[in-house]
């Protein structure tokens, strides 16, 4: 009887891992259908009690695997750009920019996961699928991300995604007007404007 129980437990664990693997494969396959796109987005941030913290909007350009431009226009302008090697963050209001190597940037943030879409990243999560919804829970609890949810259609269109941090703060993003196709490569380059203070972490 004990042997049967152990066998059943092993089979159950295998079945769960297969479901997670299938969900990860389906998610990657869907995102792979669109190699580059532009979309506008709205953002809503709530705290652990559900109270609104911030609302915003902006535009997003992606060319996988490592080119992206995340341009927040409201409430305050900020820009996050990857040229494939360097990750730039620019805040026009305070006239400051920072530069880090993309390879050193954390890959466990929702946006980096979507932009990279690499199997090695998805393997770090337990993934459950319900139709077009994918719920990701980190296998390691060491990071700040508690849960990540993304809704992506079979044709690769991302409708929305949200992230819950360990303190239960939730950031939700609704994408709209996604346009698939070639993106102007100038969107993925950044030259600090004159007078901007640059914190270059690449040589430290």
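Each Cβ is built from the backbone N, Cα and C atoms, and glycine gets one as well.
Since this is a predicted model, take the numbers as computed values, not measurements.
According to Swiss-Prot, the protein has these features:
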- 1-21: signal peptide (SIGNAL)
- 169-204: region 'Disordered' (REGION)
- 171-181: compositional bias 'Polar residues' (COMPBIAS)
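When DSSP labels each residue, the compositional bias 'Polar residues' (171-181) comes out as 0 helix, 10 strand, 1 coil, counted as helix, strand and coil in that order. As a summary of secondary structure, the region 'Disordered' (169-204) carries 4 helix, 15 strand, 17 coil according to DSSP.
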